[in-house]
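These notes concern the structure reproduced below.
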Amino acid sequence: MVTPWFSVLLLVSIVFSCFLAASAGDFYQEFDLTWGDKRAEILNGGRLLTLSLDKASGSGFRSKREYLFGRIDMQIKLVSGNSAGTVTAFYLSSEGPNHDEIDFEFLGNLSGDPYIVHTNVYSQGKGDREQQFYLWFDPTKNFHTYSIIWSPQRITFMVDNIPIRVFNNEESIGVPFPKNQPMKVYSSLWDADEWATRGGLVKTDWSKAPFKAYYKNFNAYSWNSVGTDVWRTQALDATGRRWLRWAQKYHMVYNYCADLKRFPHGRPSECRRSRFL
């Protein structure tokens with residue numbers, strides 16, 4: 001098995017050429033600490049943000065700006081040690097009962113076990129499009145970059161510039177796709193030991209609290225001001241498709257499209273249409 005320790009440079013250069021930087025860096029300027037009392041902190045002159053979870057409460061933050069299409073990058077160092085039962089969420093979301101949402105959720109683990117990254121896409125309040133992957137590195141030792149690239153044509157989830165999932169717009173066959181509601185960037189650290197680790201069999205060990213996650217180098221690239229429609233059809237190149245196949249072959253641990261017990265009357269329409277979901 002080949003381990004991708006380098007970035008997909010050609011893919012990144014193509015993608016970045018289609019973006020306009022909208023915001024970068026300073027957490028004071030870009031985010032509000034929304035819950036958790038003083039468990040969320042902005043440090044180092046706005047260059048670092050930390051979230052903390054203890055038995056009383058977790059914590060979270062939200063962007064001041066809304067985005068309608070673009071690329072969102074965040075470098076995150078996840079909860080270290082025995083993080084079983086905890087979830088660190090990083091996602092885009094609109095508001096209301098018919099909200100849209102694009103999710104990364106990092107499911108805590110027992111010490112030495114790999115982290116699982118859980119992905120999902122909601123449109124008009126409906127999700128149930130989960131894919132899960134084992135990360136191929138220890139995400140608690142160093143910061144790693146997690147990215148959402150969102151266009152009217154597709155959503156791409158990336159880890160250290162390696163695509164792990166593509167969710168295509170299949171509205172032509174009746175599949176809702178998030179494209180009309182601007183979304184804010186959210187992150188939270190919270191207790192989900194009823195389901196997060198081994199289906200809830202492993203509970204949170206509060207003697208290890210407080211649990212902490214760390215954030216830096218936020219970047220948002222918006223397409224709203226780009227005077228060209230080239231980006232509307234931008235897709236992965238051959239190198240990106242090879243990495244996508246690699247991630248799905250060697251690191252995927254759950255795919256809703258392959259869950260025949262969940263869909264006994266037939267898989268969702270988009271699962272029959274696309275090779276990469």
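Keep in mind that glycine also has a Cβ here, set from the backbone N, Cα and C atoms.
Around Glu105 (active site, proton donor), the same-chain residues at least 6 positions away in sequence with a Cβ under 8 Å from its Cβ are Val87, Thr88, Ala89, Phe90, Tyr91, Val117, His118, Thr119, Asn120. The active site, proton donor annotation in TrEMBL covers Glu105.
This prediction places the mean pLDDT of the domain 'GH16' (21-215) at 93. Residues or ranges marked as domain 'GH16' by TrEMBL: 21-215.
Around Asn109 (N-linked glycosylation site), the same-chain residues six or more apart in sequence whose CB sits under 8 Å from its CB are Asn82, Ser83, Ala84, Tyr115, Ile116, Thr197, listed in sequence order. Taken from TrEMBL, the feature N-linked glycosylation site applies to Asn109.
The signal peptide annotation in TrEMBL covers 1-24.
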